[in-house]
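Take a look at the structure below.
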Amino acid sequence: MKHLKGLLLPALLALASSAAAKDPLVETTPFKNELVNLMYFDDSGVALVQELDNGKIFRSHDAGKGWKEIKNVKGLGIMKSPYDNKVALILGEKKHWITFDQGENWDSFETELPPSPQSPVGWHAQDNKKILLNEIENCFTAPCLGRTYYTTDGFKTDPKVLVDNRRMCQWAKASERFLQGMDKHDDRILCITRGKYSDRSKDFRLLMSDNFFKETEEPVMSSGRTVQGMANMAAVKGYIVAAAKAEHSSELALYVTQDTDSWHHALFGDHKIEEDAYTILESTNYSIQVDVMTSKYVTMGNLYTSNSNGTYFTKNVEHTNRNEAGYVDFEKIANIQGVVLVNTVDNYKEVEKSGQSKKLKSRISFDDGRSFEKLTVKGKDGELHLHSVTNLHNSGRVFSSPAPGIVMGVGNTGEFLGKYTDGDLYVSDDAGLTWELALEEAHKYEFGDQGSVLVAVFDEGDTDEIRYSFKHGRKDSWQKIKLDYKIRARELTTLPDSTSLKFIVYASRKKDGGGREHVIVHLDFSDILKKCGDSDFDDEWSVRKDADGDPSCVMGHKQLFRRRKWDAECSIGELFKDPVPKFKPCDCDKFRDYECDFNFTPAGEGKEKKCEPGESFSLPKGACDGDAKSYKGSSGWRKIPGNQCKGETERDKQVERECKDAERPRPKTDKITSEITKFKGSNFMEQYYLERNTQSDGKDNERDKDETVVMLTDERTAYITHDHGKKWKKAVDDEIVRIYPHQYETNNVYFLTASKKVYYSKDRGLHDSINSFEAPVMPNTDMLPIMQFHPKQKDWIIWLGGKNCEKVGNKDCHTVAYVSQKNGEDSSWESLVPFVKKCAFVWREAGRSVKEEQVFCEQHTNEEKNAPLELISSDDWFKKKDVKFKSVVEFATMSEFIIVATKAEDNTLRLDASLDAHTFAEAKFPPKFFDIHQTAYTVLDSSTHAVFLHVTVNPQRDQEYGSIIKSNSNGTSYVMSLAAVNRNSEGYVDFEKMQGLEGVAVANVVVNVDEVNKGSKKKKQSRITHNDGADWEPLQAPEKDSDDKPYDCDVANREKCGLHIHGYTERADPREMYSSPTAVGLMLAVGNVGPELSTFGEANTFMTTDAGITWKEIKKGTYAWEFGDQGSVIVIVRRGEDTDHVYYSTDSGAKWDLYQFADHKMRVEAITTVPSDTSLNFLLWGKDSKELFAVNLDFSGLPEFQKECKLDEHDPTKGDYDLWSPQHPLQQDEPECLFGHVAQYHRKKRDVKCRNGQRIDQMHDIARNCSCTRRDYECAYNYERDSSGDCVLVPGLSLPDPSKVCSNKNVKEYYANTRFRKIPLSTCQGGTEYDKTGDVHPCPGFEEDFQKNHGVGGFTLFLAIVLPFAAAGGVGYWVWRNWDGKFGRIRLGEPGGGSAFDSDAPWVRWPIAAVSGLVAVIAALPLVVGSVWRWVAGRMGGGGGAGGYAGLGGSGYGRAYTSRSSFARGRGEYSVVDPDEGELLGDEESDEDV
């Protein structure tokens, strides 16, 4: 139990009580160890407590007077049901206990793994036998996912597994007010689980089930679509709130439901909600209250309150005080509606600017937060300030208890809140309206007997006194209990409802002989006071706030309590009976009792607030029919549901509204529009899309409608547009030399000057959000990447600058790497290492278990400028460094593996790979590669659980070609996939994966290798694979061209008359791709039909809609293309000659229409749209005589796109979509079986007129797995395919001894050699399993284990085989981008938004679900939760990354594109990732580098 050490005692969460008189009874019980989890069962005298060091649990049945150990039970923590006062759980490592009679009897049950450290138990609010139990999450491969069990009989029978791969689960009825009194959804459970086919956090889904996940439903949000990227959820009063996080953004979308059937998108006006930056607070029965952090580095927030259905949030308080853990100084006074205490930061400007320490002031509201005022002390001028939730000194609520109107706190008078130890104890008996000094010095305090007794104990050191008052704590009413010893109080508590006259003080005292012992002091005031009579009560006490002394109206009524008079020295003595208020209705008030009606949006605040029709506003039935000019409709206001005010106001009445304002304004035109903007300059240097969070449906959310592009011209002027190029403005008024968008946070962008000044925005340049910081030194001048970003910690930046480089030619000029953990702000730069070529953060979401601080750098040996490079590593910002490799040419980090190219003594390259950034293993290449002088590698792709690597065979200029080899699923053993693949001198390879589909790729091969080796020109043909490189074949040419004429060769003979298309090596713009991730199965290309690929000038434009099986020629000549609205519209524009028009198709290329965008011809260089291809806007970039231009094309006005497409996942073909399954052209039997399964994708029906809108999840389902056939296998290591397609041993090789793997002591068995290995993507089952043809044998010494364990599970195999070989697994979607001209084409993987943190398990310390009114801290639970159990070492975690078209080698600077893709061609799930993946690892020109 050592792992429980260091947990603070704070335990009970909403406790309270009191004490007083002649001689209260005092009983002391000593304990041997420190205590935690002191808690009462509600409405009883039964308490539990736990010893920290050994987990022993003790029970008291008489309110802490006597204690007995519960035999044979030792736990990690205690969880008490918040809804049943007889039920509690003791959680052990694997054995747990439950009681249904307040701990008199305990029944045990077991789980396979220990409980989750974060949220181990889910209680059902209405059935005490229904419980969820969450096991500890597996964070080994990240993001952390775990198993949840359920019971419906209170663990009388063994718990059953609910779901295996969940982020979190809860009952729908997880809070008392949710569906209260409704007889539905009793068994409904909501879980956030792994994606349908992915473990990445961006794919997490919210699923519901009414039959324990035998069947599930994914709820649709207010957009009518399901939402991926679900991060968290919490039950708050009558609401459930779920948070979704978009990829490449820390911004969250909040969704709220009151019944789990319909969900609303919560809108916060202009404010964005970010992960780890908001706290859902204790809310009212009719609204949700959320505190939103205003700055990443300053713990301050703004408090927002929702309307009654949780949709619109308005700001109530600015600059609330928060702490790092997400706790907020906010408390609703218990039992009294409308009274709220907060602490705000007075010097917020100085705190934000210079990090000055905070000056706090306390404020109180009596109208539910609509207005706030100072705290005043009776008879004194000046303000009172109190310590609140961020500085807890006791369990339970901070200020209040169910005792009506009696409030206490520790604080001081003066200008600001001082130190706790300088504070005194203050009390108010009018709910905070006025205060008086109760006791000098800081004290812990409690309320008892509905406020008749107040107890306090000194809290600044040891004391031998306990103080109590029977007169509401008035100054001279405090009496003393003298103890025989001095104690240091740790906790003071009583019954949660504060009705008891018995209290418990948990404390420590000095022991004889040194040291301290722990004691529980029981205080009993029962026999001191007489029982109160009727005359001792005030029957209608209330918070008298109005100027005339009338009770305040909250929610349309006054609240009245029967309360003991302050000077009546008697006890109420109604044990376990909570004070219940009476209500009197008030007259309705138009400001206080109303909110905006449905489909109306609030604008303005306070008395200026208006309710205006929202975008989804629609006319009442029959209104505006015929010639009607007006209609009667809602005033825009409605009475807040649940409000009990009487009478009517003008806001209840319908108003006359004009018909012309009623409907949502249609687009100004039903045609395509274009807008041309001219710019000075000769070239566009860089352009980037900053794509908004596509997760939020944005229907009513103005801040989510922008389509932002930033652009730099060669005049060093940066421009920005928020409407996709209709209007442009200068981004900053300064000379800009580079633009860096943040790879992992699409809201962030950086504008670099030639000096140290850097401009940046964290909100896509919206809302005047462009600020600046000073870099430590000017940018480097060596054409090296200047900025590197962290996949998870979005404010961590590595800056590669130049020192002593101000003067050109200075010999002392060299590179230095710096790091900032504060986005470069507040002079936060630390020096890392000098003389470096590149540095990169190593942490990734997918399973690389390293510290977030881990950095790899390439540094010149001995810090000498021209010395060879070393690969060095550090996880403490290079206070210590570890040299991993010498003579390094290049390294690349992908999502799951790191590869390093080093130069051997014979000048050949060697490739090493690592899974964990610590242990590296040399890659095993096909045997005949050992004869090749390996001069360059290009990493092509690893999106299909295997790495594709191009190894250069002929490096001679203009004659380059090489072989594509493909790895096994852990990236270390390679086999031949395709020989003689074309490459150019910059390391680009003619190879491209089809986006959005598994296993389809196109490559160009050199067919006259022998002649080329003798100096001849290359002849090229195109090849396509439909099974991830196992089989390649020529492309099938169409029978006729676009003029309906046959080609002049026999297209049936594909070898001599195939379709050949131009690839990367010849593209004028390497940013273009054949396909789009959101237009599944569609590809466009330029090429020709014939025996070989001809010149670009002779090419025409072709298209396929079935993933490359059949093609058709769509236009003569070469065109550039873009996909819009996920393939709903395709736009093509003439390339390489002047034009004034584009063609577009809205039916997947069946028909093409012309649109003229200019009155004269201009030269168009490129066409672009948002990376996810979800927009109906496009940009043409080009030159018109001496000016640059950008043309916006807007297709959103077309009638075809006026309604949104309907998609029902349960009946997908019912609406506007079909299901489409890709096929393999060579498979006669079951051609739709690809990779062992039939995949089904959503595709919009060709003839429907609607827009896709919000991005849809293209993959619908894996319909079924297929039986294994030869197509599911490729040749194993040491084997190659012969002309008949069989796998034969490479000539001249003898087979290695398979038992040699037994030399590794972790390996217990081996397979005999087989000729085949399964394609890593394949999920086939049964049939003919070609890779199992070799028998499995035990290693010597493991025969017994072999017999016992045969068929060991995948996870064990993973540990036994992958880790011992330090394998590198290449998984991740890759897209590309181009960085710094030098690095050429980069395909990069996908950053994630995961997060991990080490923390003490909060439930071990705090057994109830709220800390001083804190109901749920969504932001303080990042998306991935780290483990605290002692047996799970280190930081497990999620985040992101992936690999790219990393040319591995070479120094040649390549194309003159100075951008990363110039258009962050991240395209949805394929996204911009590591700049380091863009480099050629080794090259014939690279000798000078080492």
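Each residue, glycine too, has its Cβ placed from N, Cα and C.
Over in Swiss-Prot, the protein carries these features:
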type: COMPBIAS; residues: 1038-1048; note: compositional bias 'Basic and acidic residues'
type: COMPBIAS; residues: 1474-1490; note: compositional bias 'Acidic residues'
type: CARBOHYD; residues: N285; note: N-linked glycosylation site
type: CARBOHYD; residues: N309; note: N-linked glycosylation site
type: CARBOHYD; residues: N970; note: N-linked glycosylation site
type: CARBOHYD; residues: N1265; note: N-linked glycosylation site
type: REPEAT; residues: 97-107; note: repeat 'BNR 1'
type: REPEAT; residues: 364-374; note: repeat 'BNR 2'
type: REPEAT; residues: 426-436; note: repeat 'BNR 3'
type: REPEAT; residues: 719-730; note: repeat 'BNR 4'
type: REPEAT; residues: 1102-1112; note: repeat 'BNR 5'
type: REPEAT; residues: 1143-1153; note: repeat 'BNR 6'
type: SIGNAL; residues: 1-21; note: signal peptide
type: TOPO_DOM; residues: 22-1354; note: topological domain 'Lumenal'
type: TOPO_DOM; residues: 1376-1405; note: topological domain 'Cytoplasmic'
type: TOPO_DOM; residues: 1427-1490; note: topological domain 'Lumenal'
type: TRANSMEM; residues: 1355-1375; note: transmembrane segment
type: TRANSMEM; residues: 1406-1426; note: transmembrane segment
### Long-range Cβ neighbours of the repeat 'BNR 1' (97-107) (under 8 Å; 6 or more residues past either end)
41, 44, 46, 48, 59, 70, 73, 75, 85-90, 128, 131, 154-156
### Task
Would you count the other CB atoms within 10 A of the CB of N309 (N-linked glycosylation site), including those on all shown protein chains?
20
### Message
Can you work out which residues elsewhere in the same chain, 6+ from the ends of the repeat 'BNR 5' (1102-1112), have a Cβ less than 8 Å from its Cβ atoms?
### Response
994, 997, 1000, 1002, 1024, 1026, 1035-1038, 1042, 1059, 1061, 1081-1087, 1148-1149, 1222-1223, 1225
### Task
Pull the DSSP breakdown for the repeat 'BNR 3' (426-436) and write it out as helix, strand, coil residue counts.
0 helix, 5 strand, 6 coil
### Task
Let me know the most crowded of the glycosylation sites, choosing from N285, N1265 and counting other Cβ atoms within 10 Å.
N1265
#### Entry: Three-class DSSP secondary structure - N285 (N-linked glycosylation site)
coil
## Note on the structure
N1265 (N-linked glycosylation site) to N285 (N-linked glycosylation site), Cα to Cα, whole Å, comes out at 49
### Query
Between N309 (N-linked glycosylation site) and N285 (N-linked glycosylation site), what is the CA-CA distance rounded to a whole number of Å?
11
### Message
Across the repeat 'BNR 5' (1102-1112), what are the DSSP residue counts per state (helix, strand, coil)?
### Response
0 helix, 4 strand, 7 coil
## Note on the structure
Summed over the compositional bias 'Basic and acidic residues' (1038-1048), the DSSP helix, strand and coil counts are 0 helix, 2 strand, 9 coil
### Summary
Taking DSSP H, G, I as helix and E, B as strand, the repeat 'BNR 1' (97-107) contains 0 helix, 4 strand, 7 coil
### Task
Determine, from DSSP, whether N309 (N-linked glycosylation site) sits in helix, strand or coil.
coil
### Task
Grab the pLDDT values for the topological domain 'Lumenal' (22-1354) and give me their mean, rounded.
86
